[in-house]
Ligand code: S3P
């Protein structure tokens, strides 16, 4: 990749260091850019394409490591998936209930979505045996949140620590429909149960305490599943034994990736950025609401609907930010954006409190502990709460050595913080960005003026 005076990448065999050297004269960010395809929608398009009848054509697929893990798993389960590229991926589905027994362990890599959603499908394939694993981060993340409801449906699943950690072994069996009241607002849990429900005779309902992202519901409907939604109770009901037909899917840009540029544009003096073609599904736009509470200057332009998902171009201009409180039902609508919101809070006047977000402790890293420790290394005032962060803004940041803890969103959040720090910041483990944003560094270089 090309490098600039500000951004340098140093690679060894094991890892990459991103070095950001902020010029004494300052820098600003200008221009238009496109973010890669939405990760959640990319996973679902590959999975539903694989279990539908006929061909699914996906345009704009995210080429990150996580969807590559999904594609590899579903190829091993019998689906034909063409080489992954952003223009057009063709998936020849095998039909509902027709997954094949793989000859080896299914590896979900770093991807919680791959493992949790796939478990719903595997558990409901009678007579087949599967083993699933992931990288060291995924092997430490809780799987009981999907194993328990699947067991209520009759699933046979075994794993480490009381069947709660991968590697997991699954003996597929005929499942029965249930009404599951999920204790957490999690689209991964909801989607896992809905996919398992697809294979049952009868109706499966998931009720969650707050609404989580609804991409599965939208896409299942588009593929022909019978689905009803009760917004009053945050419940979704799916009728089993549906006929799923392959579709054309156009994946919008990922708002979770756009979030890095929204915050960068808002905190770096003199900046103006336009992020084009971003998915603005209301279950994902909590970041826009939080930044607006902080006083950020963000406009939605050219709002439109593309293949069942709302899309817009997002324009952000630098401006002064103020602290806010982020809590409650807003949390599931911005759960992946909290690391970068913490960076925004460091540059906002006052004390920002983020709470009700204990889920962050079981993401790709413990994002509460990691963001507090790494931002504090740069001179920020961040305190860990059991379920969030307290951030007192206004103290200037100084360059430091920080670490991604192999978490893609931490690597990119620290890179944005470094743009506004004096001196040199080195981010160890920067290669993690490729999980969801392989071109992140190129885009960064392109907009630095
Ligand atoms: C996702 C749901 C969220 C999110 C993850 C992707 C999905 O996780 O954090 O990055 O695609 O369903 P939870 O459902 O565990 O909250």
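Glycine is no exception: its Cβ is also placed from the backbone N, Cα and C atoms.
Bear in mind that the values here come from a model prediction, so they are computed numbers and not experimental data.
The annotation in TrEMBL ties 39, 112, 141, 188, 367 to phosphoenolpyruvate, and of the candidates under consideration, 315, 317, 409, the one tied to the same site is 409. Across the structure, residue 39 (3-phosphoshikimate binding site) and residue 141 (phosphoenolpyruvate binding site) place their CA atoms 19 angstrom apart. Listed binding-site residues: 336, 367, 409. Those with a CB atom under 6 Å from ligand 1: 336. When the binding-site residues 112, 141, 367, 409 are compared by Cα distance to residue 40 (3-phosphoshikimate binding site), the shortest distance belongs to 112. Ranked by Cα separation from residue 188 (3-phosphoshikimate binding site), the binding-site residues 112, 141, 367, 409 are led by 112. Taking a C-beta cut-off of under 8 angstroms and a sequence separation of 6 or more, residue 363 (3-phosphoshikimate binding site) has the following same-chain neighbours: 112, 141, 336, 407, 409.
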